[in-house]
Amino acid sequence: MMLVTHSCFSGFSFILILLWMAIITLHNDLKQIYYQDLFCIFRGYMCYVTSFGLFYSYLLQAIYTYPTVVHPPRLFWQSGKFQFFLIILIWIFAFIFACPHIATNEIKYLVNDQICQTLNHLSIVTIYNIVYIYIIPING
């Protein structure tokens with residue numbers, strides 16, 4: 001139950017960040033503002049953090065079902081403390097994961113889209129995104 005609640009929280013936080021980005025984009029469109037605001041890089045960073053948290057919460061649920069089905073007598077995997085530890089570990093990794101985006105200054109303001117995100121070009125950070133956000137949780 002704790003892992004499902006965590007997935008709901010992760011999804012809700014991801015939606016809030018996307019809603020914040022959409023409201024700022026709409027505001028900039030209506031006022032015809034074509035420059036980066038103060039929290040633009042932070043919104044881009046938080047978008048990557050929350051997407052990491054969301055995808056890895058699904059991975060955590062998938063990993064949890066394996067020991068409960070295959071090894072039901074081992075209650076260590078099913079304890080609330082262990083699940084809480086894994087949830088905290090995922091969020092620590094989520095905030096650390098997005099640090100290369102800030103360190104390499106890959107999150108840019110795209111004037112045409114009026115959004116801050118990494119550019120669509122081949123770079124180490126783009127490959128890093130693909131591996132850590134998509135490939136690992138899906139193939140987990």
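All positions are counted from 1 along the displayed chain.
Including glycine, each Cβ sits where the backbone N, Cα and C put it.
What TrEMBL records for 1-140 is domain 'G-protein coupled receptors family 1 profile'. Within the domain 'G-protein coupled receptors family 1 profile' (1-140), the DSSP-based counts of helix, strand and coil residues read 100 helix, 8 strand, 32 coil.
Taken from TrEMBL, the feature transmembrane segment applies to 12-30 (among others).
Per TrEMBL, the feature transmembrane segment maps to 42-64 (among others). Only residues 6 or more beyond the boundaries of the transmembrane segment (42-64), in the same chain, are considered here, and those with a CB under 8 A from a CB of the stretch are 3-4, 6-7, 10-11, 13-14, 17-18, 20-21, 24, 77-78, 83, 86-87, 90-91, 93-95, 97-98, 101-102, 107, 115-118, 129, 132-134, 136-137, 140.
Residues annotated as transmembrane segment in TrEMBL: 84-103 (among others).
According to TrEMBL, the transmembrane segment annotation covers 115-135 (among others).
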